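Annotated in TrEMBL:
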type   : residues  : note
DOMAIN : B:23-52   : domain '4Fe-4S ferredoxin-type'
DOMAIN : B:63-92   : domain '4Fe-4S ferredoxin-type'
DOMAIN : B:107-136 : domain '4Fe-4S ferredoxin-type'
DOMAIN : B:146-175 : domain '4Fe-4S ferredoxin-type'
DOMAIN : B:179-208 : domain '4Fe-4S ferredoxin-type'
DOMAIN : B:226-255 : domain '4Fe-4S ferredoxin-type'
DOMAIN : B:258-287 : domain '4Fe-4S ferredoxin-type'
DOMAIN : B:295-324 : domain '4Fe-4S ferredoxin-type'
Amino acid sequence: MPNHIASGLKYLAAIELKKQGFNQQMIADELDIDRSTVSHYLNGRNLSWNSIEVAKTITNLCPKDFLIMTRTLFKDEQKTRKIVSICKSGDYHAEVTDSCIGCGLCVDLCLMKAVSLDSLKAHINSICCCGCLICQERCPTNSIKILEVNNDREYERS
Amino acid sequence: MIANTKEVKDEGFDIKRSAEEVRNLSFKDHICIGCGICESTCPVDAINVAEIGPIVREEVDMPKIDIDEDKCVLCGMCSGLCPVDALDFTIDSEPISNIVSYPHYISSAEIDDDTCIYCQRCEIACPRDSITIARSLPERSDLVTGEIEADEETCIHCGICDEMCPTDAIDVDRTPGEESIEIDKDKCVYCLLCKKICPVDAIKAACRICSYGDYDLNPEDAVTTGSSFIDDETCVKCGWCQEICPVDAAKVKKQYEGTLDIDEDKCTVCGTCIDVCPCDVLSFPESPGPATIVDNIHKDEQYCIHCGACERACPVDAIDVKITNVDYTPTKSKSWIDKFEALKN
Amino acid sequence: MELKVNQDNCLGCGVCVVACPVNVSISPDVSGGHGSRTEEVIMMVENGVIKLFSEDKCTKCGTCQMFCPVDAIFLE
């Protein structure tokens, strides 16, 4: 079952890349899957719709849950980074204040590898940031602020 | 997920975090002077410095500082601000003192080998036994040289020189008919006693060192050579060597400039500060006579590094150490600059 | 680190009472070898043995331990 959900996430990523104008070969390379599989995905011949439903729910979780769930499903940080950066539903802007001591904890914690140290200060690449807030929560000097600048998450209406 | 590990060793401990890079904080208990600067610097309150008095007196056996590895974020500030480098912080095995973005104190202790006369006064004075002066003296036999010759024609073989010679270098055979005089140049020290005492001036001799005598000789240069070594690990840049050097070969740049004040009204002359001071600044004053009570602590402020270990250890808060100036390498990090500036109080 | 006494070893000599720098600052009488007139001090000899009164004032300098001839007062 977890594998089906992981495939569901890949399906969503493939659709998203198609929207961005990638051709089938590029999508296959990007997601490290067979071109025929991509073709199946894009033509609607795919795994169970139920798995896709679950995958969609996961992408709509809060960014931290989405990230951790994806890592648990893929058990591979590089694949996790790829899926999350394609399917993330918001854009983020990070601010690091001068109280940063350069301990590098955020660099070690960031699953997206969005943080680097320069001159004893953390620098966060907003393009890579998935908004999980792990760095903000664990920063010993509360020097990190992650701001959500755009959100196209689908909220379920009840 | 990402956790620090702590390894306790004989002379301290290591705290390590291995993720994107390997950060390692190493504490050397034998170097630590218990000043407490790391405790007040730590941004996450992970460091606890013990009362240093009973530890240096060996009344209790415990490490001078303890770091809670769960709280420690391995930022390296304690290492950067430790005035004696008892805490070593490395990133991927590179000490932060070699990494330009990390600031460190501008302090040094150096002995200029060109000026040094290898008298070893600094080695004896150094309160931390950090200095080694190796010296080699010229060979005595190279210097004690000269010329000596006995004129067999003039010599009357009286034997006076034989009897007087302090090193038994002269042998006079006085057997009638077989009289002779022989001088062993290996034993001779060219004191010229024989030359002076000879009743018939039969001995021609000269000493090379003092150029005294019958020959005009150039004395050999008597040069002492050597080398100096300061162990940077244990040296605290206190300035004893600089003060005591007779030829100004030792130069010390201290981490801090500051003041040291002892409130004589509060001081009970217990001597705790004397025991904890890493650089022998404090002492009991010389007692003016037997059974007289000393009522203050003597200080030689020129050796003070203003670390504040005495202030921290004083049981009655009688000591006030103030840092007025700190020199450190430039950094872009405001938080690090703030920590260095906060030392001045 | 904590200040402890072992009354079984104590000779009641009172050296620790007069050596303690905190005692001297609380009650200057003790520095002359007299008993303290106040119970504010850290320790005092009572009934021939040492007794701790306000151990919370101890600054753990270890001077008492250095002077005690029989290790009856110590930091642990």
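The backbone N, Cα and C atoms fix where each Cβ goes, and this holds for glycine too.
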Is the domain '4Fe-4S ferredoxin-type' (B:107-136) packed against any residues at least 6 beyond its ends, judged by a Cβ distance under 8 Å, and which are they? 224-238, 240-255, 278-280, 303, 327
Between the domain '4Fe-4S ferredoxin-type' (B:295-324) and the stretches B:63-92, B:146-175, B:179-208, B:258-287, work out which stretch tops the count of Cβ pairs under 8 Å. B:258-287
Restricting attention to the domain '4Fe-4S ferredoxin-type' (B:23-52), give the mean pLDDT. 95
Hey, which of B:23-52, B:63-92, B:179-208 has the most Cβ-Cβ pairs under 8 Å against the domain '4Fe-4S ferredoxin-type' (B:258-287)? B:23-52
